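Participant: One structure, as structure tokens, below. Some questions next.
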């Protein structure tokens, strides 16, 4: 997650108290909470008490006198670095002390009282699930409530996550972010003050081998089936006409497991697709559509001749990655109308091992760059867990009154309608040469053999590679 403190505000104290400086903490470019220096100092002291001073990053010291504007700016920069360092630390960033501080601050900033509400959560096929939660319930609480409503077993809850999405005019979802443990889902979605934003339940893992665990349960099977049918209908999963015919036949027979087994062999099964954006590969300002899955980033692009191409970057070939944000300045008459100082430009850049001795930076410019980075990190985490022989199955950390809250009534996952005929305008992708030759490339109907991806966040899954592997 991308933490920043891009601005400060001078605010009046409660009941006519003295004015103070508030620091606006943004997560992924959106205001999360507004806090005072004293609140952050209290957080720092609590973390120091629990973990020791040696573990913590430097915290800006107290000042005896009022700060000048220059000193306020300096403190803002120092607090921003502090919050980023704490969040990036595996111990501190996942601590309940840090996360509960952010949850309380979010609720206080949005001035949302603690009360019971009905929250709408969508399944991948658009089916609505209404759950009764508290406005102060954190992400895991809401996920448990949804699982209870669907009668999903406790040991399968960790295979699914809640995502904040924006519903576009055509009904498609544009993914904003995966909801995290430091936020309150009800507050997160309502604070955006737009009916376009929704919360969606979707599987949270990338390796299709984990499907076997989920498919053994009736509810888990139905959730995977509904998500897969939806992804095919949206064109996220790439199918040929013959594959589509086979899938429809299995769907008519209600052979859900066999349907999923066939879908697992298809290109882009289980991938998350992003909105159209721009990359500097294979050439500058190249329009692309990015998808993440199967330990890779896939870039679909159209080169001269209007042929649709695909390049795949394996996460194990990415040495590191970074997300940067900037505010472009208008350049006289050449700047487009409405494009000004307030528009934030986000970029995901990763250093990719093109050949044994050649690393190259690839940059993707997209409002969803942070979400792409989160996907890369989760793919790396999953690879490392699998490499160490661990399991992604998560045990629930908390219980309410010793047991999970269960809804009085369960809700079944509705079977989606039969697949429609494949879009005749969909084009097959052909392999590229020259500049793209070092990247794994496929046509739509070709077998899913090699996959390629890249990363710059200090990638522990980065592997050495020889020319013969490319």
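Even glycines carry a Cβ here, placed using N, Cα and C.
Remember, predicted model here, so these are calculated numbers, not experimental data.
Under the heading domain 'PX', Swiss-Prot lists 1-109, citing sequence analysis as support. The feature domain 'Ras-associating' is assigned by Swiss-Prot to 115-206, with sequence analysis given as support. What Swiss-Prot records for 336, 407, 409, 415, 421, 437, 440 is phosphoserine, and it gives a large-scale study or a structure entry as the kind of evidence. Per Swiss-Prot, the feature region 'PTB-like F3 module' maps to 270-432. Taken from Swiss-Prot, the feature region 'Disordered' applies to 401-426. The region 'Interacts with the retriever complex' annotation in Swiss-Prot covers 458-470 and rests on experimental evidence.
Burial and contacts for the listed features, if you can.
Facilitator: The helix, strand and coil residue counts that DSSP assigns across the domain 'PX' (1-109) are 52 helix, 24 strand, 33 coil.
Taken together, the residues in the domain 'Ras-associating' (115-206) have a mean pLDDT of 94 on the 0 to 100 scale.
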Participant: If you run through the domain 'Ras-associating' (115-206) with DSSP, how many residues end up as helix, strand and coil?
Facilitator: 24 helix, 35 strand, 33 coil
